[in-house]
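S.K.: From Swiss-Prot, here are the annotated features:
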- CYS44-CYS59: disulfide bond (DISULFID)
- CYS51-CYS68: disulfide bond (DISULFID)
- CYS58-CYS86: disulfide bond (DISULFID)
- CYS70-CYS84: disulfide bond (DISULFID)
- 1-20: signal peptide (SIGNAL)
Amino acid sequence: MMKVLVVVALLVTLISYSSSEGIDDLEADELLSLMANEHPRKECIPKHHECTSNKHGCCRGNFFKYKCQCTTVVAQDGEQTERCFCGTPPHHKAAELVVGFGKKIFG
């Protein structure tokens, strides 16, 4: 019984977190353009593809929207450039693992 309560608590936390984060992802300009329907929907950027020029354009994964994760690359001459790719953050990976494990046990 305790395992069921823990899994239910995790699922409620994940759902509330994902819904609040989805709201945070929309910037004011994006929200206005969605409301006014000014621009057609742009194609999203798939997982592991570069998102340096469009950091809010990543596609959705199984449960969560992919996040644009950036890193600084230092060339041999010392020049630093920022490179970004769409990926699953570690806390989303953990949540997907818990949900997948819960499905195997209870579903």
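Cβ atoms here come from the backbone N, Cα and C positions, even for glycine.
How buried are these features, and what lies next to them?
M.R.: When secondary structure is read from DSSP and collapsed to three states, CYS59 (disulfide bond) falls in the coil class. Proximity of CYS59 (disulfide bond) to non-local residues of its own chain (separation of 6 or more, Cβ distance below 8 Å) is seen for CYS44, ILE45, PRO46, LYS47, LYS65, TYR66, CYS86, given in sequence order.
Long-range neighbours of CYS51 (disulfide bond) (same chain, six or more residues apart, CB within less than 8 Å of its CB): ILE45, GLY57, CYS58, CYS68, CYS84, PHE85, CYS86. In the three-state DSSP reading, CYS51 (disulfide bond) counts as coil.
Taken residue by residue with DSSP, CYS84 (disulfide bond) is part of a strand.
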S.K.: At 10 angstroms around each C-beta, which of the disulfide-bonded residues CYS44, CYS58, CYS68, CYS70, CYS86 has the fewest other C-beta atoms nearby?
M.R.: CYS70
